[in-house]
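Enquirer: The following block contains the structure, expressed as structure tokens.
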Amino acid sequence: MEKERKKFQKPKPETESNNLYDISCLFFQKGIMGSFLLISIFSLLLRVSVSLHSYSGAGSPPKFGDFEAQRHWMEITTNLPIKDWYFNTTNNDLSYWGLDYPPLTAYQSYFHGLILKYFDPNSVSLFSSRGYETHFGKLLMRWTVLSSDLLIFFPAVLYFIFVYHGGNRSGGDKSDVAWHMAVILINPCLILIDHGHFQYNCISLGLTLGAVAAVLSRKNLLACVLFCLSLNHKQMSAYYAPAFFSHLFGSCLRRKNPPLEVLKLGLAVLGTFAIVWWPYLHSRDAFFGVLSRLAPFERGIYEDYVANFWCSTSILIKWKRLFTTHSLRFVSLVATILTFLPSMIQQILAPSSKGFLYGLLNSSFAFYLFSFQVHEKSILLPLLPATLLAMELPGVHSMLLMLCALLSMFPLLCRDKLVVPYMALYASSILLYLAPSGRRQIKKHLSRPMITFSIVMIQFLCSLIFHIIYLTIRPPEKYPYLFEAMIMNFCFSHLLGFTVYTNVKQWMLPRQFTSGDKEKKLN
């Protein structure tokens, strides 16, 4: 019997080593790589089109906006020694867009700053470049975002599609795979924020997506390194930390030597952090000085009008007036933990690939809805796993979530004068979900078509009314932010309902998928 077992097990490593090769051949044979190239070119053209419009703080002195913040970080990092990047000095006034992201963002700013310094030295000259808005300077800045997207986010999407659909030996239906690529790449919220408003979310989200794909392909050490890099680019990537921790920990518990597996992952995490933070590990003051810049508690529990619990309920409960910052920090921490805890427990008890993707969605929703200091742009974090789950979630829910997320950012994008690209991408998002593959996803999960249709029409009509009101009617002088508050409460109610739904879906997974995952366990 033992000899027979050995004979049966010997070919297994060879099959696993050839697995990626077989899948890649399958993808080429089915023309999926060609589809990826075409979709990538189209999504790149969309990004370029949006980048031709305005941006955050355009022509608005004295502090301008996020565009100026990113340019200023390039100015600081290319002109000052690394020890001064995060500290108030005569040459670095932290009150003027001081660095408040982890060191990897600073290194990225330095690299991009070198490019700007080579082609347009005036754009990053110390002090004199503040508010620099020449056509060539803006063109260079836009190019840095486009190149970051192409070099990091696009390959990460291909890696994920390769792993996710490659798990199916048939490679999946070509049109469905292409549709899934399009949903991830043509994320209207990400395009509008990065290439309109102006940020580099494509880097942190691309690194996270690479880590997700590594987890699905069971390369846990690589996943740890990539996710740590994402955390060190933007601290908001911590929205995904509960999902990564619970899934990897639950997976380690099912190995032959759990303590050793946990130790290996721990060393990968510590090693990555040590390399990124190395310039600031020479002294306690330097380390905590940088760390203090990453937690801007003085800004309050929320910023502007964001569709989360604290902002939506502030109409009835004046949180900022009634409670101290310290007490709000504690309450928001407890509320966030209690919201993502069920998702963590499920993955520790029964880790699975689909459960992990749902865990990413649920933990990021928990942070968005209940954590301290949330911005409108933070909705990008739940949207990433939502697009990854586009083949699993009911198509109607995916579409409504995307449209709700767009609406929640509408006031911000109006201030940036990005209404035209917003409307264009809003329409393209609807068309994408009404494409043949999108319609199949909607029909596949429809149990009560008339009820679902009614819900969609009510949501769409309400959204249309909010858009028209916000653009055409002036709010009462007594309540200047009335329309923002209405939009935020409408979006919050939908996002809260969606969070409850996806948590229930995750807890239903063990009965449906755990048995299949057990067969794929590593020794």
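Keep in mind that glycine also has a Cβ here, set from the backbone N, Cα and C atoms.
Predicted automatically and left uncurated, TrEMBL annotations should be read as such.
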Enquirer: Would you mind telling me which of 177-193, 262-278 TrEMBL tags as transmembrane segment?
Expert: 177-193
Enquirer: Looking at 399-418, 419-438, I want to know which stretch TrEMBL calls transmembrane segment.
Expert: 419-438
Enquirer: Near the transmembrane segment (330-349), which same-chain residues lie under 8 Å Cβ to Cβ, leaving out any that are not at least 6 residues past its ends?
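Expert: Sequence-distant neighbours of the transmembrane segment (330-349): 242-243, 245-247, 249-250, 253, 301, 309-310, 323, 355-356, 358-359, 362-363, 365-367, 369-372, 499, 503, 506-507, 509-510.
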Enquirer: Does the transmembrane segment (479-501) come near the transmembrane segment (143-165), with 3+ Cβ pairs under 8 Å (pairs 6 or more apart)?
Expert: no
Enquirer: Quick one: do the transmembrane segment (177-193) and the transmembrane segment (450-473) have at least 3 Cβ pairs under 8 Å, skipping pairs fewer than 6 apart in sequence?
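Expert: Counting Cβ pairs under 8 Å, fewer than 3, so no.
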Enquirer: Which residues of the same chain, at least 6 past either end of the transmembrane segment (143-165), have a Cβ under 8 Å from a Cβ in it?
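Expert: Tertiary neighbours of the transmembrane segment (143-165) are 23-24, 27, 32, 36, 40, 44, 47-48, 51, 108, 112, 115-116, 171-172, 177, 180-181, 184-185, 194-195, 198-200, 202-203, 205-207, 209-210, 212-213, 216-217, 388.
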Enquirer: What residues in the same chain, six or more past the boundaries of the transmembrane segment (450-473), come closer than 8 Å to it by Cβ-Cβ distance?
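Expert: Contacts of the transmembrane segment (450-473) (Cβ under 8 Å, skipping residues fewer than 6 from its ends): 396, 399-400, 403-404, 407, 410-411, 414, 419, 483, 486-487, 490, 494.
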